[in-house]
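K.L.:
According to Swiss-Prot, the protein carries these features:
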- 3-142: domain 'PINc' (DOMAIN)
- ASP5, ASP112: Mg(2+) binding site (BINDING)
Amino acid sequence: MLLCDTNIWLALALSGHVHHRASRAWLDTINAPGVIHFCRATQQSLLRLLTNRTVLGAYGSPPLTNREAWAAYAAFLDDDRIVLAGAEPDGLEAQWRAFAVRQSPAPKVWMDAYLAAFALTGGFELVTTDTAFTQYGGIELRLLAK
């Protein structure tokens, strides 16, 4: 089972994204149905980013309306390889806490720690372009290059 980081979903959604080709090439290697997962956090992140003027402006596009963002998300789910993960895995919160604890404020750690914990406790391979995930021991990680 595969859990994609938001950066993969965004790269797949935006043809001008620096990681679009690598993400598309990876996606094209997957044939089995129902093996690529959104979790609720990556779903929300994608919807938020697709409606963000600054993010889409960097690609020369206006932000999507909320309706259009939902349609873009639904288009992913029309692909039988892609599904929304159901309930959070058992033990997720304890593992998330273990990954997120730091001695100083680290606001950027929350989402990465959550996704790493989701992957670890749910038995997912985490697919991302973000090398920061290498800090989380025990997770199965697939880093896609440019």
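The backbone N, Cα and C atoms fix where each Cβ goes, and this holds for glycine too.
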K.L.:
To see if you understand the setup: which same-chain residues, six or more apart in sequence, place their Cβ under 8 Å from that of ASP112 (Mg(2+) binding site)?
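P.N.:
Expected: PHE99, ASP130, ALA132, PHE133, TYR136.
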K.L.:
Taking 10 A as the limit, how many CB atoms besides its own sit near the CB of ASP5 (Mg(2+) binding site)?
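P.N.:
Neighbour count, Cβ to Cβ under the 10 Å cut-off: 24.
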K.L.:
Tell me the residue counts in helix, strand and coil for the domain 'PINc' (3-142), as DSSP assigns them.
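P.N.:
In the domain 'PINc' (3-142), the DSSP-based counts are 72 helix, 15 strand, 53 coil.
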